[in-house]
Structure formats: structure tokens, C-alpha cells
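Per TrEMBL, these features apply:
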DOMAIN    19-360  domain 'ABC-2 type transporter transmembrane'
TRANSMEM  20-40  transmembrane segment
TRANSMEM  172-199  transmembrane segment
TRANSMEM  225-244  transmembrane segment
TRANSMEM  256-278  transmembrane segment
TRANSMEM  315-333  transmembrane segment
TRANSMEM  345-365  transmembrane segment
Amino acid sequence: MKDLLFLFKREFLLFFGNKIMVVLYIGGPILYGILFGIVFSKGKLTELPIVVIDKDSSPTSNRLIDMLNDNELLKVSAVKSENVAMKKTFMSGKTYAVISIPEDFEARIMLKTRPEISVYINNSNLLASGYAQRGILAVTGTLNAVLTATSGRQPEAFHLNTFRLYNPASNYLMFVWPSYLAIILQSVIMVVIALSFAAEFENGTFKELTFKSKSVLMLITGKVIPYWTMAIGLLCILGIYFYFFKLQLPEHLGQALLVTALFIATISFQGIIAGTLFKSQLKSIQFLMVLSLPSYISSGFSWPYESYGWAAQTFGALFPIMPFVNGFRILFIEHGNINHITNYVTMQLIQLIVYFLIATVLIRYKKAH
């Protein structure tokens, strides 16, 4: 026990003596949180600028324009009476949709000849275009229903009710938050532990470390426990972000913390592997940077993991970020419990064991040589 406490003290001294590690572990989450809050402060897109071409200039077309402007997702930035250069309008970067109201729009409604409104969506940004289209469909659908009811015409054959579950406001902040949690934890804990092990080789203190450690297990424990202890403070900082970003904590908080703890442990062993393999702080960081992008892309953070081909799914299953993001998302957004994510938890446990064994073998090899 005395030797283990010595290793803990030694690791804390190594940590606070390395400015890069301190900045990454303490300053990183704060900086990431501030940046995240600045970018996603609204949570969802609102007041997306659109242009209306009103060739009718009738009370009905004016009513439609007012309704578009009243929708929280849209903002009518300009009303034109003639066609506009579509490419130039969209290329300005200030317009997400153009709505063209035809001539005799109101008259044709009165004559029951069903005039057509043309909507052109700038689909270069799928997120913004989706919000714009949603707002336009809501407004035109409402106006269409009102005009149908007031004119006494035959009602529609059926009415469709759509219920948005779990994230009814389509809050993008809520959608990406599990992914950003994973990125913050991975960028901080995995990198710092890799730097810690690489520093032992760079400073020539690895022999001293192995001498003070009675076993490989004690060596690993003495190196990671200090960072896991500090991770409690890191999680508290992330918990504060839930409050500032007006996000509800997972309903089953204990289960969410369990999933997070498994993720932290697994990426810690990944950090040990990187730091032991390359024995250089710079090379370790370079390796983890190269590794981070494919792991993030294959995690299913945006494109559904189930829609990947078998090769991509197999590749994604190698990285701890995949089961964490998908499992935490179910707990956080869908208010699920541990029974709904047993497959992801099982995958986390397998990854934990595999990476622990690899780290153990590597350290044992380095110790022997």
C-alpha cells in the first residue's frame, strides 16, 4: 500500500510538472465548453433567411408571407415581384430557400383550380435546409387547411398527424451532445495518459517506475488512478454544462455514469498503449490525432451506425467512442435504461478487457527489455 501511495504521489507530481498535461486536462474541458456554448447556444436554428417572389400581390399571398415571417424557423429577408437569379441568390450565402407565388394565385384558389407554389431549397447545408423545409411545410400546410375549411370545399381524404418523440423541438444541441462528451473525454484523458507514459521514456524514468512497482498491475494502477480521480472533477464540469445549456440530465443518471466510467477506463488503456508504443510525447499525440478522426466518423454520431456496411461496422466496433455515443444517446435522449443498451455495454466490457490486456503485454515487454 505504501508503494502504491508513492506511485500516486509521483504521478501527481509528474502531472503538475508538465504544463501541457495540466492545460489539456483542466483548461481543455473549460475551453471546449465555452466554444461549444458559443456555437450551439440556441440549440436549434431559427430565423433562417428566405426570399419570396410574389407575382400575385394579393391579400392571400400577403397572408402567406406574414405567416412565413411569423414562423420561428423562418425570416423573410426580401419580397420580390419578379424572378431572381437563383444561383446568385443562393451563392450569397444569405438565403436558404426561395418561394415563388404564381400570378393569379388568389383567383385560382377562388376558382378551385389548385395553383402551385414552387419552393427552391438550398440543400448544400442539410441541417439548415431541413429546418427551412420543415418551417415552410408547416406554414403552407396550415394555410392550405384554413383555406380549404373556409371555402367549404371537400376536405382531404385523410389527415396525417406526426409526433416527434424524444427530441420534439429538433434541438441539434441535444443531438450532438453525447458525441461532444465523447470528444472532450477522449481528447483530454486519453491524450494526457499517453503523454504521461511517453514522458517516462523521454525522461529515462521508466526503469525507476518499474522498480517501484511490484507488478505490472500496480504500475498501471499507480499511473491511471490519479487521472481517474481528477476525472471526477472533469465530470462535474461537464455536469455544469448541462445546466448552462439547459439540458436535462439522463433520467437514469447512475447508469449513464456507469457507461461513462467504462468509456474513461477503456480510453485510458488506449492512452497507455499509445504512450508505450511510441515512447515520445510528440509521436504519441500525432498517432492519437490520426486515430481520432476515423474513430469519430465510424462511431455513428450522425449517420446511423446500423446503416453502415459490415466492414464499416466492424471498424467502428474497434473504438470505444462507438458504443459510448450510441449507448449514452439512448439514455440521454430516449430516456432508456441499461436494459435497452446491453449490446453496447457488452461491447464496452469487451473493449475494456482487450485494451487492458494489450496495455499489460506492452508494459511487460518494455519492462523485460
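Even glycines carry a Cβ here, placed using N, Cα and C.
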The transmembrane segment (315-333) vs the transmembrane segment (172-199): 3 or more CB pairs under 8 Å: yes
Long-range neighbours of the transmembrane segment (20-40), counting only residues six or more past its ends (CB under 8 A): 172-173, 176, 180, 183-184, 187-189, 191-192, 195-196, 227, 230, 234, 237-238, 241, 244-245, 281
Spatial neighbours of the transmembrane segment (225-244) far in sequence, C-beta under 8 Å, 6+ residues away: 8, 11-12, 15, 25, 29-30, 33, 36-37, 181, 184-185, 188-189, 192-193, 196, 257, 260, 264-265, 268
